[in-house]
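Annotation source TrEMBL lists domain 'MacB-like periplasmic core' at 20-238. The domain 'ABC3 transporter permease C-terminal' annotation in TrEMBL covers 283-395, 665-779. The transmembrane segment feature in TrEMBL is assigned to 21-41, 276-297, 328-351, 371-393, 413-437, 663-687, 699-729, 749-769.
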Amino acid sequence: MIKNYLKTAWRSLKRNKLFSGLNIFGLAIGMAGALLIAILLQHMLGYDRFHKDEDQLYVMANLDRVNGDMQAWKWTPKILGSTLADLRPEIEDWTRVSSGVSFLFTQGEHKIQNNEGSLVDSGFFKMFSFPLLSGSISDDWNNGTAIILSQSLAKSLYGTTDVVGQTIKLDTAQYLKIAAVIKDMPENTVLKSDYLLSWGYANRFGAVDSSWGNNSVETFIKLKKGASLSVFNNAVKNVTREHRPDWTITLFATPFKDNYLYNEQHNGHFDSGKIVVVRCLAIIGLLLLLIACINFMNLSTAQSERRAKEVGVKKVIGATKSKLITQFLVESVLLALLAFVIAVGIVLLVLPAFGNLVEMKLSWHFGWTGWVLAIGLMVVTGLLAGSYPAFYLSSFAPVKVLKGRLTKVRGKLSARSVLVVAQFTVAIILILSTIMITQDTRYVQNRDTGYDQNELLYSALNANLRKSYPVLRNELLQSGAVTSVSKNMSPITNRSSDSWGVSWPGSHNEIEKIDFERYSTDADMVKTMGMHLISGRDIDIYKYPADSSAMILTASAVSAMGLKNPIGVNVVDGDTKFTVVGVVSDFVIDQPFEKIKPMMIEGPYAHFNVVHYRLNPRHSIDDNLARIKTIFDKYSVDYPFEYHFADEVYAQKFKENKKLGQLSMLFAGLTIFISCLGLFGLITFMAETRTKEIGVRKVLGASALGIIGLLSKGFVKLILISFLMGAPLAYYIMRRWLSSSAYSVEIQWWWFLLTVMMAMVIAFITVSFQAMKAARVNPVQSLKTE
């Protein structure tokens, strides 16, 4: 029986090549889009889910009211891990992690600088599943005289991973033994590093501040099997307060496996972040598949005129309705199977390009369970897509069909119309979402940053440059290549430090909970950055030696502190008393979508990491850079000259939003394409069921343009209904999305006008093609049976 069904299905497929091809192609596109999303979601949901004891791993976090709101953060004091391990017996292991460490590696003629390492404790290797390829966690590594390299870094430096015991040069004067080589960490981990150093290394250089006020590392713990998280959190919640009685911080642990997906907090809860993107993509994937099924239904029922006599004859010779339904369902599953094979081919073909678009190394590795689910989904898709056509076609009355009266049922278009409306409703929501993301990104990118990014550059300060900085600065200023120079804690584009517990005349405990951004400079920061000085002056330790304890406040800081005349006010940050010498306008230093926080710019700070310089506009950029390179090379022989344009680095902050906009545009395009196939099916159905009417109208003098208008006008209503349904839903989604940012664009009326016009034009082009074809049919052919 099944064999006969398959034969019949194959014959039908060959007999109706155009519609079968459109059916298969539409389903294949929908399946391919859904599979691409599934692969992307598998990658994102798999972040740090590969560790052996993932359910026992946690990251410590803090909770307190800051700037008037409940806030949570995962930066902790360096001393927290050992303190908790001494207090709580359920802690099996712990480690501190400080990422972003960077050195110049030299091995013979090979020099590698752009790498990223981490400082960790020995517990790191017991907690996380990052296997060593060779070597061991030696005493030398624990003491800070050895290093662990990734296999890629080892191969880049030595051409092999057999390097344990060899010595590597870091920067210009540090030599460390290679203790081990670790297998390259997967792409989907938040802990990815090219090399690992122990905290013993930091201790050797006195770089470990064990005070409770220095929140600068992430602390990870592993609880013993069976330990209760709620009991643990209740036991440790007051640990910070016990060491800092004047603070009200609550300590708690949160699952490490959620660290990537739930990376944003609201009102003290880590309940947002990339998980929102995951949910949106999952919904889009399901909608793509559903739209492909709807398209299949429309195209299948559009063939009703052609399949009607087949159904009538089979019923006359004894075929039951259930057998006809089974036949059509088998046919649908066969088409779905062919579509699935094509979809897999499309995915394998475009997966590298899709991975480049989302900037992830994606690969197809579902495993046997994944394949079972994929094939099961294919069968379900075939059954779902074929269900309506099967019941519809099997319901034809043989007497009416064989007498040629099927065209009398042409009025029953409501079901297909509803399906087309559903398709275009989704398309309209996706189009509006794409416009919103694009416009919001452009709006925020063009906001006033509070400083002049044009021709502003910065370079990292290595050990050689720090030693020679005074003469380096003078030569840069005398070269004519720059107009000003400023040494700073971090790039102007990146937040580096914050501080709270700051005091000033008139402050009290509640006000002192203001979270200040902290920055530092030696001189000419206002001039170099192109900031607006509201009052006072710039910091300049070369002109005013006392400026080593000077401070500049931003307008937000002055407002938050309630200062009417800030110049000359003493502000205590930590153990240092600063004197306010200037006030500048607010400027964006980290995330452009967030509210600008109050900021303190302090005189010389312990760690200057970068030097900013503004190029001289009277010379070309290339000429300026050539002069600057000569000076840098003179004082930094071992390091290659590297620089960064502030505007280019700032533009990178919008990469995630642009990527999301591109994804939205891609899947909106696929949705529109599949929806247009559905429209094509519906107009084809209408043309077939109204063949005689069109013939009569043409005999009575109707023009081809009039026939096109007759067949097309109904679709204008369908698109308008889709817009009326989709626009409010899109508005709600946009309001929710934009409200999550402190700085965002206002929803514009023209977004909706543009969307409905695009939908109308695309639909009209699709409908007109088939309507024109129907209008040009010779009426003799359509009326010859009358």
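Using N, Cα and C of the backbone, Cβ positions are placed for all residues, glycine too.
Keep in mind the model is a prediction, meaning the values are calculated, not measured.
Ranked by Cβ pairs under 8 Å to the transmembrane segment (276-297), the stretches 21-41, 328-351, 413-437 are led by 21-41. Summarised as a single figure, the pLDDT of the domain 'MacB-like periplasmic core' (20-238) averages 90. Under DSSP, the residues of the domain 'ABC3 transporter permease C-terminal' (665-779) split into helix, strand and coil as follows: 98 helix, 0 strand, 17 coil.
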